[in-house]
Amino acid sequence: MAKIKARDLRGKKKEELLKQLEDLKVELSQLRVAKVTGGAASKLSKIRVVRKSIARVLTVINQTQKENLRKFYKGKKYKPLDLRPKKTRAMRRRLNKHEENLKTKKQQRKERLYPLRKYAVKA
């Protein structure tokens, strides 16, 4: 089987991808048997190509799965941990913009009663 391109895989359905993955795994096992029994050099060099193709298929499957999950959870209140932004622990616990701008009743009253003084400079 020739080297598979990821862009060709992205258009396929999940069932097709799983079937292709199964075919690649069967081919890999046959190549490994050929390696043990002393197969041709062309078969031995093909093992690497097939392994990388399997990795490509799995990568495309996982990426599309994650993309679909992102679409599903978009706008929902709770998301799985792996779909939330990573950031650092401290950044995740930090107050958000709205919480930072909140003021207590006492602070609001003080600002209303004692506004900032405006001075005019005499030229």
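Using N, Cα and C of the backbone, Cβ positions are placed for all residues, glycine too.
The feature SUMO2 cross-link is assigned by Swiss-Prot to Lys25. In the three-state DSSP assignment, the secondary structure recorded for Lys25 (SUMO2 cross-link) is helix. Around Lys25 (SUMO2 cross-link), a 10 Å sphere centred on its CB holds 13 further CB atoms from the protein chains shown.
Per Swiss-Prot, N6-acetyllysine is recorded for Lys19 (among others), and the stated evidence type is similarity to another entry. Of all Cβ atoms in the shown protein chains, 12 besides its own fall within 10 Å of the Cβ of Lys19 (N6-acetyllysine).
Sequence annotations record features per position, and here Swiss-Prot assigns phosphoserine to Ser29. In sequence order, no residues are near Ser29 (phosphoserine), counting only same-chain partners six or more apart with C-beta under 8 A.
Reduced to three states, the DSSP call for Lys43 (N6-acetyllysine) is helix. Taking Cβ-Cβ distances under 8 Å and a sequence gap of 6 or more within the same chain, the neighbours of Lys43 (N6-acetyllysine) are Leu31, Ala34, Lys35. The N6-acetyllysine annotation in Swiss-Prot covers Lys43 (among others) and rests on similarity to another entry.
Across the region 'Disordered' (95-114), DSSP assigns 14 helix, 0 strand, 6 coil. Positions annotated as region 'Disordered' by Swiss-Prot: 95-114.
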### Query
Using Cα coordinates, what distance in whole Å links Lys19 (N6-acetyllysine) and Lys25 (SUMO2 cross-link)?
10
